[in-house]
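Okay, so here's the structure we're looking at.
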């Protein structure tokens, strides 16, 4: 180990003119020897506000041990997190997607300011993963992402339960399908401890995508948060980063177009969240890779859905981990010719080299099917276009018996109005709900609609109504739902001029989203449309509205 690995930090520590800088570093524990070692930033998203992140600092300490062992000098620093589960269904959800940008900005600021020679970012809750990756792309020093890990399932009356169980219980209780006592028991047992929400929801979707991208160590994505394996994953990541610095490998060499195609394939096979579309496009833009909705559409049409995972399926991430994990799935996909095996990873080796000596999926398991027995012959994430979404929209069809609907529009100007209508039985089978002015600018922040969709499922309407929005959906959502409609209502997209009673069609089999009125009538209504005032005039959300781009561009705020 030598000064030649200090390509960035040398400007902070080397030479007589940097004596004041070194004096400050001595006060935080640096020794004479440390000034000759690469400086490593460890970005921790630890927080007491959410179970997804409450254990992260313990993991950061294990990363620190690995860095020290391999000859680096580690520095743990903090960034923010919010809790999507706790923010869901109220005003706080406006801040979820903007938190992704703050995470990215803050990691970029600290590690570029300190001139860290390498960075390890540790994330737990949903926006941590893309926020961390976006920052690592901007810094483009040798980097690794470590996932905090998935939560263990809760147990209620002998049944596995999780965060979606209690969201759906709200609708069931309102409909009189469960007693108050059962409702309370589900609440008390749904979240047993540390870790991210346990199905193939957004956090686990993004951890899987990041492993497929090659930016985390093999096996990292599916390990439980509370396990010796996860602690060792962190320790090994610390050591692996020094190897990356020695080899001079940075995210720009790893995050190629083929790497993103691998990530999309894995997300589709696993039945991942619609949020993966938004976040992968955002990450790709940060690293300079051209990724669009058309890429998702192209790959989805040839990629089968194989994993029977929640929310549309039966199993949790811990179940997948027991039968071989995400790396086991990737090994199967590589054998089937569905992945680019020559993509470089943070081990310094290729995907194919990493998977060569890793175990196959457990024989005769029922969680991940073979291609010949696919749950669906194409991917569950569907890109729709039409006169309601000229720039595109995203639907998820996993676990659905019905993938199309035509019915009268029930229009709401916010999520809150729609939720109240559901809970007061104003939504009927056959309706197509439209929730607008919830886009990146209009919301602002593209609120997730888990409270709404879970209420529909709890009320028994999940298969009988359609729902479309310029907002987003939680990874825990299931039902005939379409999000990310672009252009959004705030920008004068056609969703802004739909009226109650208009006949509206969602047809996932034809990739179609349209209102059954003439183009002449659409143009007439658009001419008389007037934009709404931004809902926030001061503070971070007011700033966000001025910077954020459309969902088709990943809702990024970087000035690219």
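Cβ atoms here come from the backbone N, Cα and C positions, even for glycine.
Listed in Swiss-Prot:
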ACT_SITE  474  active site, proton acceptor
BINDING   52, 125, 197  [2Fe-2S] cluster binding site
BINDING   84, 126, 127, 448  Mg(2+) binding site
MOD_RES   127  N6-carboxylysine
REGION    1-20  region 'Disordered'
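This view paints the features noted in Swiss-Prot onto the structure.
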residue : record                        : DSSP (3 states)
52      : [2Fe-2S] cluster binding site : coil
84      : Mg(2+) binding site           : helix
125     : [2Fe-2S] cluster binding site : coil
197     : [2Fe-2S] cluster binding site : coil
448     : Mg(2+) binding site           : strand
474     : active site, proton acceptor  : coil
In whole Å, note down how far the CA of residue 126 (Mg(2+) binding site) lies from the CA of residue 52 ([2Fe-2S] cluster binding site). 9
Taking the Cβ of residue 84 (Mg(2+) binding site) as reference, which residues of that chain separated by at least 6 in sequence fall under 8 Å from it? 93, 96, 125, 126, 127, 202, 448, 474
Using a 10 Å radius around its CB, how many other CB atoms surround residue 125 ([2Fe-2S] cluster binding site)? 28
Cβ-centroid neighbours of [2Fe-2S] cluster site 52, 125, 197, 8 Å, sequence order: 50, 51, 53, 83, 84, 85, 124, 126, 151, 195, 196, 203
So around the Mg(2+) site, 84, 126, 127, 448 aside, which residues have their CB within 8 A of the centroid of those CB atoms? 82, 87, 96, 97, 125, 202, 275, 474
Across all the protein chains here, work out how many other Cβ atoms are within 10 Å of the Cβ of residue 197 ([2Fe-2S] cluster binding site). 30
Note down the number of other Cβ atoms within 10 Å of the Cβ of residue 52 ([2Fe-2S] cluster binding site), including every protein chain shown. 31
Applying a 10 Å Cβ distance cut-off over all chains shown, what neighbour count does residue 474 (active site, proton acceptor) have? 30
Can you tell me how the residues of the region 'Disordered' (1-20) break down into helix, strand and coil by DSSP? 12 helix, 0 strand, 8 coil
